[in-house]
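Positions annotated as topological domain 'Cytoplasmic' by Swiss-Prot: 1-596. The domain 'Miro 1' feature in Swiss-Prot is assigned to 2-168; the stated evidence is sequence analysis. The Mg(2+) 1 binding site annotation in Swiss-Prot covers Thr18, Asp57 and is backed by similarity to another entry. Positions annotated as ubiquitin cross-link by Swiss-Prot: Lys96, Lys119, Lys164. The feature domain 'EF-hand 1' is assigned by Swiss-Prot to 184-219. What Swiss-Prot records for 304-339 is domain 'EF-hand 2', and it gives sequence analysis as the kind of evidence. Per Swiss-Prot, the feature Ca(2+) 2 binding site maps to Asp317, Asp319, Asp321, Glu328. According to Swiss-Prot, the feature domain 'Miro 2' maps to 415-580. Residues annotated as Mg(2+) 2 binding site in Swiss-Prot, with similarity to another entry given as evidence: Ser431, Glu475.
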Amino acid sequence: MRRDVRILLLGEAQVGKTSLILSLVGEEFPEEVPARAEEITIPADVTPEKVPTHIVDYSEAEQTEEELQEEIHKANVVCVVYDVSEEATIEKIRTKWIPLVNGRTATGPRLPIILVGNKSDLRPGSTIEAVLPIMSQFPEIETCVECSAKHLRNISELFYYAQKAVLHPTAPLYDPEAKQLRPACAQALTRIFRLSDQDLDHALSDKELNAFQKSCFGHPLAPQALEDVKRVVCKNVAGGVQDDRLTLEGFLFLNTLFIQRGRHETTWTILRRFGYSDSLELTPDYLCPPLYVPPGCSTELNHRGYQFVQRVFEKHDQDHDGVLSPTELESLFSVFSVAPWGPELLHTVPTEAGCLSLRGYLCQWTLVTYLDVQHCLAHLGYLGYPTLCEQDSQAQAITVTREKRLDQEKGQTQRSVLMCKVLGARGVGKSAFLQAFLGHSLGEARDRDAPEKLPTHTINTVRVSGQEKYLILCEVNADSLLDTSLDTTCDVACLMFDSSDPETFVQCATIYKRYYMDGQTPCLFISSKADLPEGVAPPGLSPAEFCRRHRLPAPASFSCLGPAQSSIDVFTQLATMATFPHLAHTELHPTPFWLRGVLVAVGTAVAAVLSFSLYRVLVKSR
């Protein structure tokens, strides 16, 4: 909604433009009227809409054509004033003033116009019949108000309607010739209806209607008012109410009725509560609210975010089988301008029988939040998060983690989402490794309507010390790393080489020395294609010797043809190293972390006992 309103008064000389302004401000009819009033600003706190309002007078005798066009350009609404006792001033509306205001606007939005019949005290009856043909000819005319500056009649109402024409315009919502909602308005209201239909039965129950009413207007409807609304709909729209529930047709009819009765601010309140601008598009401020993410921090959904997206899943899982079929997924996407996720989704997250499971769905939300939080905020906005959850913005569904440097200092991360970069030469098996993380063999992945190129990210859940973590695998080709300084930041690095091609290990060793050797990121070398015979090693350190010398864990083995448990163990090891980065460089043998912790504790206790015994011996020897 606009932050201020600029009203311009036009009309023939002596119709009372200046008197109207001075009567509004002084609350009495002025005895002496200047040729033109100075621009007046009415503060927000004394206007019905709580918006500062600038009122500008025009005098044809004092101002030039260029000055008039400049004022028209700056105005938000124009009041064309005529004298109800002078029919010639009515005719000038059609022949002179409206062409001056909007005559140069062939297409696009036109300035809203209010017709103002002044001096109603000089004529009995009304001139509305005379101006109706003009109102029919020019759809930009919002309304006509008859008033009297001398008797202070309808002065406040005149400027209220002018404000209303700017803040709650009719033109974007309603086609007066067709007497129906414009397509963009009907589309926006249809989306709002779908968001408010929590059980997806294509109708709003009393409970859903009251939740909608409270979200938009701050209070529920009284039971009798609710019944009256449904009675009006039943009377006017076949199928507007079914099984005592308001259908989409009934919902659209109600909004049409509001507009036809001059209550279009009601429809605008609904639209703006769900993020729409005056052009009936979701505003950038609504879709992408401010969220500051300092360097070294990451973004995750918090409990409010996960609860909301899980409710959305359950709403669209109409057969309650725990997965979203393609049809159910299409239903979920219906409130978006374009589908947020493409066919690569089924090769990015865990699935069940080719359908999106709840776990995979939550994984996808987690991935988007981590990789591109602005897209996550927009997606939550399309789903109506701020309105349905009664929150200020989607940013309240996001947690910004503490800096990675602090995690490294404390020796443990509080993050629930961990990033693993999988680095290696082309052909070493990185894509197979990523798909194995989802429980797919590479052959299965390529047979299941896969996109031409498999995604470079996959995500799944892993348990670390009894806690569930989300682990993201990101595939990076070693060739690009050796040529350019790409972002190698991650929680754990997985350096993959082909056990049958020793040259690929040399590349991994080079990457390690260049990017990770002097840092604190834990690294794990993985020997892929472990089912193939080992190649002839070139002169130099073997992978095991290299890892031992650099105080790294022993290389792990992986084969897409190997047992599933060995793959799970590798992913668990990566997640554990990311969670406890300070332990990674002391891991010279495949001893489990929990066992090493026990051994350290036992060793400490034994040392304490020996120290105490030695002390007693020394005391006795004295």
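Counting begins at 1 with the first residue displayed.
Cβ atoms here come from the backbone N, Cα and C positions, even for glycine.
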**Prompt:** Do the domain 'EF-hand 2' (304-339) and the domain 'EF-hand 1' (184-219) come together with 3 or more C-beta pairs under 8 Å, pairs six or more apart in sequence?
**Reply:** yes
**Message:** With Cβ-Cβ distances below 8 Å as the criterion, list the same-chain residues six or more beyond the ends of the domain 'EF-hand 1' (184-219) that contact it, or say none.
**Reply:** 172-174, 226, 242-248, 251-252, 255, 267, 269-271, 273-274, 276, 280, 315-316, 318, 331, 334-335, 383-384, 387-388, 390
**Asked** Can you tell which of the binding-site residues (Asp57, Asp321, Glu328) has the fewest other C-beta atoms within 10 angstroms of its C-beta?
**Response** Asp321
**Message:** Check the DSSP secondary structure of Asp321 (Ca(2+) 2 binding site), expressed as helix, strand or coil.
**Reply:** coil
**Request:** Any same-chain residues 6+ apart from Thr18 (Mg(2+) 1 binding site) with CB under 8 Å of its CB? Would you list them in sequence order, or say none?
**Result:** Val33, Pro34, Ala35, Arg36, Ala37, Asp57, Ser59
**Message:** Can you give me the Cα-Cα distance between Lys119 (ubiquitin cross-link) and Asp319 (Ca(2+) 2 binding site) in Å, rounded to a whole number?
**Reply:** 67
**Request:** Please average pLDDT over the domain 'EF-hand 1' (184-219) for the predicted structure.
**Result:** 96
**Request:** Determine, to the nearest whole angstrom, how far the Cα atom of Glu475 (Mg(2+) 2 binding site) is from the Cα atom of Glu328 (Ca(2+) 2 binding site).
**Result:** 31
**Request:** Note down the number of other Cβ atoms within 10 Å of the Cβ of Ser431 (Mg(2+) 2 binding site), including every protein chain shown.
**Result:** 22
**Prompt:** If we check Cα distances from Lys164 (ubiquitin cross-link), which of the binding-site residues Asp317, Asp319, Asp321, Ser431 wins as closest?
**Reply:** Asp317
**Item:** Cβ-centroid neighbourhood (8 Å) of the Ca(2+) 2 site, Asp317, Asp319, Asp321, Glu328 excluded
**Value:** His316, Gln318, His320, Gly322, Val323, Leu324, Ser325
**Fill in**
Fewest C-beta neighbours within 10 angstroms among the recorded sites Lys96, Lys119, Lys164 belongs to Lys96
**Message:** When you rank Asp317, Asp319, Asp321, Glu328, Ser431 by Cα distance to Lys96 (ubiquitin cross-link), which of the binding-site residues ends up on top as the closest?
**Reply:** Glu328
**Request:** List the helix, strand and coil residue totals of the domain 'EF-hand 1' (184-219) as derived from DSSP.
**Result:** 25 helix, 2 strand, 9 coil
**Prompt:** How big is the gap, in Å, between the Cα of Glu328 (Ca(2+) 2 binding site) and that of Ser431 (Mg(2+) 2 binding site), rounded to a whole number?
**Reply:** 29
**Message:** Under a three-state reading of DSSP, tell me whether Glu475 (Mg(2+) 2 binding site) is helix, strand or coil.
**Reply:** strand
**Message:** Taking DSSP as the reference, which of helix, strand or coil describes Lys119 (ubiquitin cross-link)?
**Reply:** coil
